Amino acid sequence: MCVSKFRGGLGFRHLGLFNRALLAKQVWRLITSPTTLAARTLKARYFPRSSFFDAKIGYRPSYIWRSFLSVKDIVRKGCKWNIGDGRSVNVWNDFWVDDHTNLGPKPNNCDVNQVRDLLNLEGDDWNRELLYSLFPHNNASKIACCFVSKSRNDVLFWHKNPGGRFSCKSAYFLALEADEDMVRNAISEDSIEFWRAVWKARVPGKVKLFMWRAWNNYVPTIDNLQSRGLNHTSSCTHCGETTENLVHVMFKCSAAKEVWDRCSLGCFYDTQGAVNFHDFCRVILENFPAEWEVFMMILWGLWTRRNKHFHGQLNGREGKVEEVAKVILSDYQKENQRGIISSTNGVHNTHTTVWLRPNAQHIKINCDAAWQKESGKAGLGFVARDYNGEVLFSGTRLEWYASSPLEAEAKAVHWAMIHALNRGYSNVIFETDSLCLVKALHNKIVLLEIASLFSEILSRSMAFNDCKWSFVKREGNRVAHSIASLALSCSNEIMLDGSVPSCANVWVTKYVISSNIE
Ligand SMILES: [Zn+2]
């Protein structure tokens with residue numbers, strides 16, 4: 001009884017969490033589109049002189065306002081500020097540095113409130129002296145590496161999503177983390193891992209939905225029908241076993257075992273102690289994570305076959321469950337892959353894996369960054385080459401801090417631009433292996449996570465006569481990559497005319513040979 005209550009409760013809870021994620025989306029709109037009628041109305045009534053995050057419940061609050069406040073922490077955890085002029089962001093309360101929790105509390109007698117107070121008089125750079133006097137060295141250095149822009153407002157972005165836009169999926173997981181009951185409950189750890197694995201998987205939606213139903217035991221097996229008072233007397237249509245339940249159909253029935261035996265999962269179905277559906281999912285996630293998607297497909301296939309049997313619809317022509325499942329899976333993944341590639345149309349050199357020389361009028365500058373997750377350090381590197389593949393100049397330096405690989409890549413491009421401008425080149429192609437960055441630059445869609453730096457790159461690009469953005473796969477960007485990696489091991493800035501650091505030489509030669517266009 002306890003078990004069924006738990007299972008029912010989990011399904012209900014799932015909907016509850018999803019509902020909270022949707023509410024968070026409304027709040028996100030309220031904050032990021034403050035000029036809408038709804039936003040202005042709520043602000044006038046509940047937080048006329050503060051931000052949403054400082055708003056109180058107020059006198060006789062409406063139902064919707066109560067609901068909004070109930071997801072305040074979820075939204076707070078999901079978003080982060082990109083600093084522009086620093087006027088909208090509170091140093092101590094808002095989330096704008098990765099080590100946010102280490103910034104506060106505000107010291108006594110400190111008159112720094114907004115980030116603007118940490119900038120110099122002109123507002124175009126940090127007041128470093130002040131930074132190092134206020135914060136531990138590590139944090140001060142991180143802040144000093146943040147890009148500021150006095151001509152831009154600060155921008156709030158959803159930092160759980162690469163493009164900075166709100167994502168329901170990530171809000172769902174934040175809601176899940178915030179659900180203390182779930183975390184306290186030992187069984188719930190499994191369900192968190194399970195949901196992550198299901199959401200992430202590249203399988204058709206109907207299979208995900210089936211997994212959700214199976215996890216919650218919302219499938220009409222014979223014992224479920226009986227427990228709802230439907231007096232079904234038939235037995236397993238495959239083996240005649242009288243107690244047909246989900247575990248039997250999926251793992252214990254001889255017809256299921258035959259299917260599993262043709263896969264590479266061993267006799268996992270006989271794992272000691274694995275009793276319910278959750279247990280078997282855990283066995284696969286722990287021991288055969290690479291097979292997880294196939295595993296889900298086969299479960300769905302077994303259930304589909306069982307239903308056909310049950311309703312007498314089997315026509316004898318259907319193939320083996322695991323083969324059909326694998327074909328559907330690979331078709332689906334191919335289709336999805338195609339979707340990703342076709343959505344990058346309009347970007348120069350989309351499919352290139354080798355370095356291709358530019359035309360005679362342009363020079364091509366390949367940029368790359370090598371980023372260390374733990375320290376946030378980023379090695380930046382670039383190499384400029386002409387029509388003949390001759391190296392014009394190259395550079396490498398260590399950037400003390402970048403908050404993400406994307407920011408590191410953008411810093412590499414920005415640095416390369418400064419050098420290209422200084423040398424007076426007017427027709428340039430900047431090439432990187434960050435598809436996300438190239439797409440955004442090409443379409444001039446600001447990446448909120450790096451908004452200030454991004455705008456700076458765009459505005460500098462205007463200084464060239466012709467400036468193009470180009471994407472190349474990593475294999476084609478090896479020269480820049482090896483130069484960037486070098487910076488992580490030797491922290492000196494190196495600028496070379498007419499050559500690259502020796503570690504990158506091997507790649508230069510290789511790619512001039514392998515580029516065979518025109
Ligand atoms: Zn059976």
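For all residues, glycine too, the Cβ spot is worked out from N, Cα and C.
What TrEMBL lists as domain 'Reverse transcriptase zinc-binding' is 166-260. The domain 'RNase H type-1' annotation in TrEMBL covers 366-486.
Here the domain 'RNase H type-1' (366-486) returns a mean pLDDT of 92 for the predicted model. DSSP states for the domain 'Reverse transcriptase zinc-binding' (166-260), grouped as helix (H, G, I), strand (E, B) and coil, give 62 helix, 0 strand, 33 coil. Secondary structure of the domain 'RNase H type-1' (366-486), assigned with DSSP and counted as helix (H, G, I), strand (E, B) and coil, comes to 54 helix, 35 strand, 32 coil.
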